[in-house]
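Report on the following structure.
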Amino acid sequence: MNSPATGASGEDIVHAEGAQLDFSGAMSYGDYLQLDTLLSAQRPLSPTHNEMLFIIQHQTSELWMKLMLHELHAARDQIRADALQAAFKMLSRVSRIMEQLVHAWDVLATMTPSEYTALRPYLASSSGFQSWQYRCIEFLLGNKNAAMLRPHAHRGDRLAAVQAEWRAPSLYDETLRLLARRGLPIAQDHLERDWTQPYTASDTVRQAWLSVYRAPEQHWELYQLGEELVDLEDAFRLWRFRHVTTVERIIGFKRGTGGTSGVSYLRRKLDTVLFPELWAVRTDL
Ligand code: HEM
Ligand SMILES: N[C@@H](CC(=O)c1ccccc1NC=O)C(=O)O
């Protein structure tokens, strides 16, 4: 006989291989993952077919960014605590997430300019520029810029989160303090400074990385940390490049909804260098 509630027959249940089938009093998959909340958060504003893609692309990116922040915060704490093996696990996870986001552009690039033009007016002045999690990631990785706090001024709670990241030493700042603790000479103004200021490259830091890269076996952990950071910046550069290229193929040189010049603004971001001495050292080896 078929179940009146589900229409399942006794035979279907036999084929369920002993799996639990009654969740009237137990936590199910959807309960644990809060899928009702997650899957009711896609509310297209336009009548266009492609808006679902646009929303899900951004929502999944924000979820991955949430995990990146979780891992980056923990990695910075571990570096501060000299627990480098734990930090390596987290940093390599962050790089893999960034690679995931690089490949995600392939899905969005299936949207043509005509398709995007139909939904763009519904976005009004909203823009990825206003992503507070993205800004936290940039700040955590040391790309500090006070002007980027302004879009969050209308939301005190978000502003506080971005400001906290802006005021804190970045992952790289903590790395330089670690180099000093391990006996490498680093200029004092790179160990204690106003962390809200953008990072400026230093010759002492370059010399310190040079010592590490010239004798990896003596500084194996620092050497591995240097390479983890280069991996991460490499993946981030690919993300920036895929963003600007996808944007150009979809909106050309139109001004951005966030008010910037659009592609020209994003191209300038390609010049960002997060860990300058780690790149510079390559030339000296
Ligand atoms: C059709 C797809 C997209 C277009 C046309 C587009 C366009 C733009 C433009 C023009 C800007 C410059 C700011 C502005 O004036 O609006 C921007 C910034 C930004 N977009 Fe996108 N974008 C797209 C997809 C995405 C996706 C999928 C993400 C992933 C979360 C994203 C994240 C960002 C971020 C974080 C910024 C700020 C970048 C920075 O300040 O360095 N965008 N986007
Ligand atoms: N800045 C984009 C709009 C845009 O892409 C966007 C709009 C709302 C939510 C996320 C977005 N994605 C990234 O910027 C544009 O100028 O078309």
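Note that Cβ sites are derived from N, Cα and C of the backbone, with glycine treated the same way.
Classification of Ile55 (substrate binding site) by DSSP places it within a helix. Residues or ranges marked as substrate binding site by TrEMBL: Phe54, Ile55, Ile56, Gln57, His58, Tyr116, Arg120, Thr257.
Annotation comment: TrEMBL describes His243 as heme binding site. DSSP assigns His243 (heme binding site) to a helix.
Only Arg120, Thr257 of the binding-site residues listed as Phe54, Ile56, Gln57, Tyr116, Arg120, Thr257 bring a Cβ under 6 Å of any atom of ligand 2; the order follows the sequence. Across Phe54, Ile55, Ile56, Gln57, His58, Tyr116, Arg120, Thr257, which the record gives as binding substrate, the greatest C-alpha separation is 19 Å.
Cβ crowding, taken as the number of other Cβ atoms within 10 Å, peaks at Thr257 among the binding-site residues Gln57, Thr257. Note: the Cα of His58 (substrate binding site) and the Cα of His243 (heme binding site) are spaced 12 Å from each other. Cα to Cα, Thr257 (substrate binding site) and His243 (heme binding site) are separated by 15 Å.
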